[in-house]
Structure formats: structure tokens, C-alpha cells
Amino acid sequence: MAPNLGSDLAPQFPSNPKHGEVAGDVEAAAHDGPDGRVNYLARAQWLRAAVLGANDGLVSVASLMIGVGAVNGGARAMLVSGLAGLVAGACSMAIGEFVSVYAQYDIQVAHSERGRPACSDGSSSEEAEEGLPSPAQAAGASALAFAAGAALPLLSGGFLRHWAARVAAVCASSSLGLAGFGAAGAYLGGASAVRSGARVLLGGWLAMAVTFAVLKMFSLAFKTQVMSA
């Protein structure tokens, strides 16, 4: 901001959120800017994590179920594979996010400790400690987002009896979910909902098609047909 702004405009500006503080980002994103417009930059951190986790869960589990369906016509195999993908993917996302955010936490702590002798009082160090990211919260949010996205294809097609109906349900629900996640992320971020939804949808279709094709070619090449128990 320019230094010569009047004092009457100062209360309209929200305080800057601390780096790595997701709660502050969400709170800042919920309020309009000084000119009545939404501060989309404040949403970037939490929005990216939520959309990425949900989209990853949906595409991973849908592709896994369709890939298993390419070599096994049984309903139980697709259901078990989808459930295993949900649990394993959520755990993987949580662990990966925990390790990543903890590395950021260590870096910020080390940086704060290096600058602590220069502080005449403890106010700066207290502010730095309040702004530290929470690895546990980040891990939980990533796991929850992944599980929410993965539950869509699992619940829609995992309990149908006929193979064609299962595959069609997984593809249909995944397409709706992908388009919805892309459009919602674009809307909250102030981008084009149509372009974002189409981009996410095409990417998900490509992942599912490649998985189905690879497993089908493997089954035909090695004359392998995975039988249900």
C-alpha cells in the first residue's frame, strides 16, 4: 500500500495472515477486500490442498476400480480394491503431508531461533510461534479430502451386481465429481469454471482410460484372468 493513504481507510484492511496458518487463511478468505471484492489469494493455500486431495482420491480409486474391472468381472473384487485404495491413499496423503509440513515447521523454527537474539522482547518470537504450521492438522485435512473424493466412485459402483452397470456408475459418478471439483475450485478461486471443470474432467478420463487399457492389455497378453474368491 502507498504510505500516504488516509487513516480512515486503514480499518477496512484485514490484517495479513501468518505464513502457514491455515485457519487464518480461511478466515481471511471469508471476508471481502477493502473494495468489496474477495481476497482470492488468501484462499490459495487451503483451496489447493482441499481440491487436490479430493481430486486425487476420486481419480485414484475410480481408476483402480476400473482397472480391476478390466481383469475381473466380480463385484467383490472391485469393491475390495476401491476400499483398499481409499484407506491406503488416505494414509499415504496424511503421511506425505505430515512429513512435508513438518519439514516446513522445522525450517521456520530454525529461522525463528536464529533471529531470536536480535529481539529485545518476546513479542516477535511469540508471533513466529503462533504462525507455525500444524503438521497434524495438515495430515488430517489431506486424509479427509482424499477419503471424501474416493468415496464417490466407491459408493456409487461398488455395490452393483452387473459388471457393465458397475463400470458405468463409476465412470458417471467420477465424471460428475471431477467436473464439480474443477468448477468449484475455479469458482472459489475466481477463475473460469468451464475451463477448469473441463480440464479436470479430461485429466480424470485420461487416467481411467490408461489404467483400463494397461490392465486389459496385460490380461490379454498373458492370458490372465483374475478370478473372484
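Positions of Cβ are set from backbone N, Cα and C atoms, glycine also.
Quick look at what TrEMBL lists:
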REGION    1-21  region 'Disordered'
TRANSMEM  46-71  transmembrane segment
TRANSMEM  83-105  transmembrane segment
TRANSMEM  136-155  transmembrane segment
TRANSMEM  167-188  transmembrane segment
TRANSMEM  200-222  transmembrane segment
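Remark: the transmembrane segment (200-222) contacts the transmembrane segment (46-71), by the rule of 3 or more CB pairs under 8 A. In this chain, the transmembrane segment (167-188) lies close to the transmembrane segment (46-71): three or more C-beta pairs between them fall below 8 angstroms, excluding pairs fewer than 6 positions apart.
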